[in-house]
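Read through the structure below, which is laid out as structure tokens, and then see the notes.
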Amino acid sequence: MASLSSNLLLVAFILYLVAIPFFGGAIRQKKGLEEIKSYDKWAKIGITITIIGFISQLGFFITRWAVAGHAPLSNLFEYTTFFGMCFVLAFIIIYFIYRTSILGLFVLPIVLLIIAYASMFPREISPLIPALQSYWLQIHVSTVALGEAILAISFGAALIYLVKAIDHTKRSKSTFWLEVIMYSIVSVMGFVAVTSTFAITDYKATYNYINKSDKEDTVEYRMPALIGPHEWEVVDKGTFEPLVEMPAIINAKKLNTVVWSLMVGLGLYIVIRLALRKRIGAALQPLTKNIKLDLVDEISYRSVLIGFPVFTLGGLVFAMIWAQIAWTRFWGWDPKEVWALITWLFYAAFLHLRLAKGWHGEKSAWLAVIGFAIIMFNLIAVNLVIAGLHSYAG
Amino acid sequence: MLTPDKPDGEISFVAIQQTVEPFGDNEYQMKFAGIETKDVSGLTVRKDLTLWIFALGGFIFMVGVAQGSYWNHRRIWIRRNENEIWVAAHTNKNWYGLKKEISFVLEGSGIGEPKDQLQEEK
């Protein structure tokens, strides 16, 4: 059953991958009566494959639930794959409202990256720690994931908007920041590539070091240590010697992973740039030719509008109820709580700026991108780097 | 039990309601006289009487934000003004959909479609 479960996830992953070219095919068609039909056909195949992929991933979720005996939402792998699943669900819903194939072309690759990213973390089914044993786990976590996923759709739409609207013929602040977004996405690929490479070659290196509380400790690196821990010392002879040493308060192992991902990401990015001979944004622009700017803007706004109440309910209301039950305080300034509040305030500001100040179009698209960055920061950095009640195994 | 006279000390076991002096030759005696108790516990009990206000506030907020987000209104005005027909529309959601609807309604009627001046600037 457990292997069935992980196979279902793999099947879903492959189906999402297969669906992308179909959405690509759907937007490449030119206008004309004959082609409009085939346009529909391509998109229909694409969305059908996506839905089958979604059902398969739902199967993964349910079988894993059956095996574990609790909702698989308790560690970073489980939460992140669930987030990916909600992302697809949100895409399917938005697709049926607006029928835009191009959204699939931008959203599905991001979903693939999210699932691949999740798979880099421990995947074992583990029992639930007592603090999480409550039906509020399912309610709170699933609503938050759904809300964040719907909000993330607005990032996909905003990306399309920016790729289309920005003038790619000359270098500007906008093209620079768009490339920063592209580079960040490529760096996630870098992370996946570097983690799986060293996992396949089974790289291990152990170091003795002095930890935060001035005690001797050992740490096992799974990739060559460019960044060494505080006062490191190699255990086995012949191990790669770190180039830089970090003070004890910084988690050198995680920083090392980040540095590796950014470096490999940079390498990949340069290769892509050399292959394309122009900015990635400029290369993507022809794909957005047939979409209307006001439609993508509308999708971006609509998904924030749908996602915001869901996020409020899951991330603040249910979260507070559960916190009151579990810890007898509904608010405790835990890092995750603080970042959830920041996310919430940010999207509230997004909506207010749009309605009161008329921030439509490009401004609103940039805000949606920043909002997604905050969500990702909350998902990744707050879990892994900052210690708090919400940092589960990673 | 050390006293200035007896630097080596004398042996005495003092317990509640009984004092045992194993050798019986103590010069000084120590006895349990009594206690005063103060009831203290390490537990803190908190009762937040304002929780219902938060819950009510949260509920009102959710109702408001759901209304603002999911309820929509749209209207289209059509008015004859001498030889012209004026078309105007307003909605709080999905402007794009409203535009599509207007163009659907006006299609083939000979009335020109209203232009979105915001889009034209670009």
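Every residue, even glycine, has its Cβ placed from backbone N, Cα and C.
Bear in mind that TrEMBL entries carry predicted annotations, made automatically and left uncurated.
Listed features, source TrEMBL:
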type: TRANSMEM; residues: A:6-24; note: transmembrane segment
type: TRANSMEM; residues: A:45-67; note: transmembrane segment
type: DOMAIN; residues: A:73-196; note: domain 'Cytochrome c assembly protein'
type: TRANSMEM; residues: A:79-98; note: transmembrane segment
type: TRANSMEM; residues: A:103-121; note: transmembrane segment
type: TRANSMEM; residues: A:141-163; note: transmembrane segment
type: TRANSMEM; residues: A:175-200; note: transmembrane segment
type: TRANSMEM; residues: A:258-276; note: transmembrane segment
type: DOMAIN; residues: A:285-390; note: domain 'Cytochrome c assembly protein'
type: TRANSMEM; residues: A:304-326; note: transmembrane segment
type: TRANSMEM; residues: A:338-355; note: transmembrane segment
type: TRANSMEM; residues: A:367-389; note: transmembrane segment
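Mapped onto DSSP helix, strand and coil, the domain 'Cytochrome c assembly protein' (A:285-390) counts 85 helix, 0 strand, 21 coil.
With DSSP states grouped into helix (H, G, I), strand (E, B) and coil, the domain 'Cytochrome c assembly protein' (A:73-196) comes out at 100 helix, 0 strand, 24 coil.
Mean pLDDT of the predicted structure over the domain 'Cytochrome c assembly protein' (A:285-390): 87.
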